[in-house]
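Enquirer: One structure follows; several queries about it will come next.
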Amino acid sequence: MTSNSNLSNMRRLVEQLKLEASVERIKVTERLVSQAAAELQQYCLQNAAKDALLVGVPTGSNPFREPRSCAVV
Amino acid sequence: MNPKMACQGLQKGETLATLKKECESLKKKLEEDRGKLNDVELHQVAEKVEVVGALSIKTRRVLKGHTNKVLCMDWCKDKRRLVSSSQDGKVIVWDGFTLNKEHGMSMPTTWVMACAYAPSGCAVACGGLDNKCSVIPLSLDSNENCAAKKKTVAMHTNYISGCTFTNSDMQLLSCSGDGTSALWDVESGQLLQSFHGHTSDILSLDLAPSETGNTFVTGGCDKKANVWDMRSGQNIQSFECHESDINCVKYYPSGDAFASASDDATCRFFDLRADREVAVFQKDSIVFGASTVDFSLSGRLLFAGYNDYTINVWDVLKGTRISMMFGHENRVSRVRLSPDGTALCSASWDNTLRIWA
């Protein structure tokens, strides 16, 4: 009896591993970390000029940096 | 089980031995493939990128008014207004330029742990120890009592830890100490979808930038960061790398990655397509938990607020710390970039908020 349940367990395990292997295969063909990292880097560099906190902006164009006028309450 | 039944489904020639062999070869292949995905780290790819120059970020505004810890804040799309919520039970809407308090609302319980501004700018949502997330329309008449118009939308069985409107004022996403997150119709209060999978409190959620579709990420006390499909309710990806509670999760501006802040004193960076952690932001000298993170507009900078009262600025590509922002006199509970990236707002247990630019 135990050898039969071992067999069906083993079968189940093989099926699960086959599923995982096919998923991994898809991931590998789609993306490597080096490729994903290169795209993250590209996004950063492409948008760097617009990033006010990174590069700073010309005086006057950042409203928070402008001196505030005092209001009499 | 009768032996004949057990043999059904077995293919010709299959025995325990052949299946075992197939198992071993599949396991080996899996390991090989997983190894290939891990070929190089982000900071190695970014070796040739220029270092970030000195940043000139300073405190430009200090928002005083709460009488206890400020737990959460959110910017309005108009880039000047913000909403904050506090342990004092109050929700305040501020004009960030003038420091004018435009609305002040009292909630029925203390510890309002979550608040969010509606995309239209005409309402705010908030929730906390009352286990509910309510939406409050903001009146143009400052004399009108906004809190009276409060409408309960989300109902959980434990505290609300985070909330956000989706792409319109019509739907609200909430996450809770009850371990679930949920999508609600604001008008009817109807539950549209619930998301199950976390095995402990959820502490944070973030919606993917609209271009990348209908997903969101959550992080919590089970040390897991989970990515969800809003329509199907399915948990599509899960990351378990932190060694303690995840206090905050935030998408990278392109939507292809997200960062997390944890009680384990590290912040981590996960790429969704490579399906793995690609950077860890840590230093031996940083021993206090990180409670909040947000990216700068280009995604190059990661601002992280810590329980040691500081905000560390990390270079996302190189994995190094660029600078520290000092000023708060107690834990930093939340940092949020303004909608156009020109300023960062921080909320703290020192009862104040600061705007840095």
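The chain as shown is numbered from 1 upward.
Each residue, glycine too, has its Cβ placed from N, Cα and C.
Below are the features I grabbed from TrEMBL:
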| type | residues | note |
| --- | --- | --- |
| COILED | B:16-43 | coiled coil |
| REPEAT | B:63-95 | repeat 'WD' |
| REPEAT | B:153-194 | repeat 'WD' |
| REPEAT | B:195-238 | repeat 'WD' |
| REPEAT | B:239-280 | repeat 'WD' |
| REPEAT | B:292-324 | repeat 'WD' |
| REPEAT | B:325-357 | repeat 'WD' |
Enquirer: To the repeat 'WD' (B:63-95), which of B:153-194, B:195-238, B:239-280, B:325-357 is linked by the most Cβ pairs under 8 Å?
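Expert: Counting Cβ pairs under 8 Å, the winner is B:325-357.
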Enquirer: Where else in the chain does the repeat 'WD' (B:239-280) make close Cβ contacts, counting only residues six or more beyond its ends and a cut-off under 8 Å?
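Expert: Contacts with the repeat 'WD' (B:239-280): 37-38, 41-43, 203-209, 211-213, 217-221, 223-227, 286-295, 297-299, 302, 304-306, 314, 316, 319, 334.
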Enquirer: Taking DSSP states H, G and I as helix and E and B as strand, how many residues of the repeat 'WD' (B:63-95) are helix, strand and coil?
Expert: 0 helix, 20 strand, 13 coil
Enquirer: For the repeat 'WD' (B:63-95), what is the mean per-residue pLDDT, to the nearest integer?
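Expert: Here the predicted model's pLDDT, averaged over the repeat 'WD' (B:63-95), is 97.
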Enquirer: How many helix, strand and coil residues does the repeat 'WD' (B:153-194) contain under DSSP?
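Expert: Residue counts for the repeat 'WD' (B:153-194) by secondary structure: 0 helix, 24 strand, 18 coil.
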